[in-house]
Amino acid sequence: PRWPTATSSSMSTATSGSTRGPPSSPSGECPGRGARMRGRAGGVGTWRVPPARCPWVGDAGLRVEAGRGLSREFRGHWEKEEPFTGSSGRVPWENKRPEIQHHHEEFLPTGETSIDSYPNWLKFHIGINRYELYSRHNPAIEALLQDLVSQKITSVAMKSGGTQLKLIMTFQNYGQALFKPMKQTREQETPPDFFYFSDYERHNAEIAAFHLDRQVERNGIKRKGEILILDFRRVPPVAGRLVNMTREIRDVTRDKKLWRTFFISPANNICFYGECSYYCSTEHALCGKPDQIEGSLAAFLPDLSLAKRKTWRNPWRRSYHKRKKAEWEVDPDYCEEVKQTPPYDSGTRILDIMDMTVFDFLMGNMDRHHYETFEKFGNETFIIHLDNGRGFGKYSHDELSILVPLNQCCRIRKSTYLRLQLLAKEEYKLSLLMKESLLKDKIAPILYQPHLEAMDRRLRIVLKAVSDCIEKDGYDNVVENDFNTDANTVTTER
């Protein structure tokens, strides 16, 4: 049974499949199934639903229990076996290690193996390993991207923390994703008087960052096959989606604070603004056309209770102050100090920082104050490239301060250096590969053409910086030969 809605005539009436809202019964009691609750006259205030704890309201309890069952499946993979190492092309559920072969050959009555029956978000989770978020040929990633744009949204809530509004969306298959709504058009640049810490978070930047971080299948007449872009595979899958604000946000949320911010604009469009530190007010409301809004959906990583992550302060973090400068901005020898501090004094972490520096400079992202790693893998693991929404803000300006870590440390992986040199060639031009890859997204075009051209320009700046380092310190002291490491590492197989 569904709780009937009573909406203002100027707002879309909810469909029979999406009528849940926040627990707003004034008395806190469970009314009869056929009862219609009385609310304030006019606007969203007339829409009332029973408390979520009412036993007959939907199937939320069943969804929670099913989600817990899938979480237990992930915990089994995460705790019993070292997640798959390297990028050999095998997907994690095809692992042939003898000690876990029996587990992977458990069959269901349908004839499928147990892992075949998992939703794509869970296949993504169990494929995470010490060196990457997903293997190069993992078929679950493309399927997961399709899920992000097609799965029915069953509940929505605001994400706590952060400076700008973000929504947690839960799907019918129990997966979750972080929704960042559109705030700027493709052509708009960050206003010149904005500080980096007050810049808008752009949904298209999240989508473009995911594509920059991975590979693209070329299907053109001249060239076919897989062409890698940066090939880091450290950004969780992200896809663009058009969302109906009435049916897929307002009518399914149980977040009373979010629900209360919906209103109808003078242009008769549905708007909301939520609660956050910046830009959450009527003046900065997010409005649909009339109730359609586009945004990015980033697949969730495993829950922190199952796969703990460690947060690290970026050594080249900015001051986040209008007048003060960070230490690295005034000390040209700052990198020497960093290299004597764990975990940068050994292993590959300093090279991971250089990869992240190149990644951020190509996007123009100045907002990398912290980064995360999976606690399970210790210090010998990759950096997760999360939260890229402040990239691609200015195509007419190259922020050279983002490259300071590379200029100060003069270190880079050979695999990364060779990849950058390849992307500078006309045949594999970075802007063309990015444009081709981004066309696959449902809300393409993702980037304004000048942003694509800016990436080519910035790539040349990166290569010039590496060249200057080599001239100063010598090739062997700058370029780290990561092709001679243990055969299981991801860099060996790039």
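Using the three backbone atoms N, Cα and C, a Cβ is placed for every residue, glycine included.
Because the structure is a prediction, the values reported are computed rather than measured.
Neighbour count (other Cβ atoms within 10 Å of the Cβ, all protein chains): 20 for LEU301 (ATP binding site). Annotated ATP binding site per TrEMBL: GLN164, LYS180, GLU201, ALA298, ALA299, PHE300, LEU301, GLU372, ASP387, in sequence order.
Residues or ranges marked as compositional bias 'Low complexity' by TrEMBL: 1-34.
The annotation domain 'FAM20 C-terminal' is assigned in TrEMBL to 262-479.
For 1-44, the entry in TrEMBL reads region 'Disordered'.
Whole-number maximum of the Cα to Cα distances across the ATP-binding residues GLN164, LYS180, GLU201, ALA298, ALA299, PHE300, LEU301, GLU372, ASP387: 20 angstrom. Every protein chain considered, the tally of other Cβ atoms within 10 Å of the Cβ of ALA299 (ATP binding site) stands at 23.
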